[in-house]
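Novice: Okay, handing you the structure first.
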Amino acid sequence: EMKLRPTTFTNDSCYLPPLRHPAMTGFSQSPGGEVSQYLFHGGKTPNNELSQKLYMISYVSSANKKSSLCCIEKDLVGDIPEARYGHSMNVVYSRGKTAVVLFGGRSYIPLKQRTTEKWNSVTDCQPLVYLIDLQFGCSTAYTIKEIQDGLSFHVSISRNDTVYIIGGHTLESNIRSPNIYKIKVDLPLGSPAMTCIVLQSQLPVSSAIVTHTCSDEFLIVGGYESDSQKRMTCNKVSINNDNLDIQELETPDWTGDIKQSKTWFGSDMGNGVVLFGIPGDNKNHSSDSNFFFYILNLGGEEDLMQSCSQGSLEEQEDSMPLEDSEEFVFCGDETFDDTYNEDDEEDESVTGYWIKCCPGCDLNVNTWVPYYSTELNKP
């Protein structure tokens, strides 16, 4: 059984707007180590603007055994990546150092080219590879001659000092790339070095989901082969001594709803488990929030396609609707204790999102206009 429950942020957290299609990756101090932070960059805000901010999110345990999130905005200097969405971000390890590799994505056309008719028109970002030092916030852009086109909604996997860019969509040519770009990063005491090798594959896919079963094995699930054709096959990617081996897996037993749906979305739940969601048929429903959720387990002995929720907002008592700005988690292994405990009650006057102003702020809350639509009830 899967339930939704809002989680809280610490008082010193910055405001994190709901972001669509940001780049996200887990960060650990060593290869294969425990993930201590999650990094988010870019994405679309509720006002349909693009973000260029980098957020670092970590778990914080409190005395009452409730987990909160701490969100910090990381300032970048140097070659700052422009605001974008649909890009990728990976952590690399070299010579005892760590760095973040950011690549691809889409951005709005330049302001001087924007008119009323094409104000929200987007274009591929320049095919630059950004190397970010998290310790100092220094970002450096690299031009790699092997990468000539900007890519969006591609697959990216990393191991040690190497990042593999697989598939992706190019707006200008409207194709999904069959290439795999193998980007190797060297972090010596001096200036970093970056090299690239182009490999060929049969995975021209966009918007696919990546999950891993171990440090050397990844699974690629879902995505699109074209604008109107979902990709119904799955692949296993094995990395041995810097060699990439891609094999097609047995096709899961997709349900009829999934086969017939035009769009689908999802996320990695770890260890070969993927969460899928498809929009429900709203013609006969008054609510526009009707979704069907499925869990696909490719990490066990048997493939399991399980329907875990239908009409997620129909049972209001079990799954309360969340505001746009509230975060939620899917939990498959743990159970929620719904027993009321007075000690668990929090002081609402010091929790949640509060806009921090200067000490002499004379803002009149009665005339305050929120920057984000999700701040309407969060002064």
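Each Cβ is built from the backbone N, Cα and C atoms, and glycine gets one as well.
Curation does not apply to TrEMBL; its annotations are automatic.
Quick paste from TrEMBL:
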{"type": "DOMAIN", "residues": "352-379", "note": "domain 'Recombination activating protein 2 PHD'"}
{"type": "BINDING", "residues": "C357, C361", "note": "Zn(2+) binding site"}
Novice: Mean pLDDT for the domain 'Recombination activating protein 2 PHD' (352-379), rounded to an integer?
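Specialist: Taking every residue of the domain 'Recombination activating protein 2 PHD' (352-379) together, the mean pLDDT is 59.
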Novice: Tell me the Cβ neighbour count for C361 (Zn(2+) binding site), meaning other Cβ atoms within 10 Å of its Cβ, over all protein chains shown.
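Specialist: Cβ-Cβ neighbours of C361 (Zn(2+) binding site) within 10 Å number 8.
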